[in-house]
Amino acid sequence: MKIKIIKLTESAQVPRYSHADDAGLDLFAIEAQKILPGASALIPTGIAIELPQGTEAQVRPRSGLALKHSITVLNSPGTIDAGYRGEIGVILINHGQETFQVVEGMKIAQMVIAPIMRAEIEEVTELSATQRGEGGFGSTGYA
């Protein structure tokens, strides 16, 4: 599968896989930005993409940023639809207690390309019974 990419700025980096078996392509910041504790920020990547029909791109957090700095993608996963042609931006949130400094060229998120399925919606008056029923939100225990 081919993904077409346009660099919107000279400093933009084309997303790339760090390892042969990686699911996600690294996304890079094109500018420095501070994120205060508890705050969020839209970080530009300087790229736009063209996805094949029937696919989406999911923007996901980087585990190292989450573990070491409490930085994650706010709307995780963020969805990029095949018809979108604008700049990809990553909404990061700082769950930590210290200001986080995004630097130009930093890996800020990963982008996973996935197939989509379109559902046919059928409105009904009742749903079929299951063993689980309406149990949710911890109904199966904590362990």
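Placed from the backbone N, Cα and C atoms, the Cβ positions cover glycine too.
Over in Swiss-Prot, the protein carries these features:
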| type | residues | note |
| --- | --- | --- |
| BINDING | Arg62, Ser63, Gly64, Asn75, Thr79, Ile80, Asp81 | substrate binding site |
Densest Cβ environment (other Cβ within 10 Å) across the binding-site residues Arg62, Ser63, Gly64, Asn75 belongs to Arg62
Tell me the coarse DSSP state (helix, strand, coil) of Gly64 (substrate binding site).
helix
Hey, does DSSP put Ile80 (substrate binding site) in a helix, a strand, or just coil?
strand
Who sits close to Thr79 (substrate binding site): which same-chain residues at least 6 apart have their Cβ under 8 Å from its Cβ?
Glu56, Ala57, Gln58, Val59
Per residue, counting other C-beta atoms within 10 angstroms of the C-beta, which of the binding-site residues Ile80, Asp81 reaches the highest number?
Ile80
If you measure every Cα to Cα pair among Arg62, Ser63, Gly64, Asn75, Thr79, Ile80, Asp81, the residues listed for substrate, what is the largest value in Å?
26
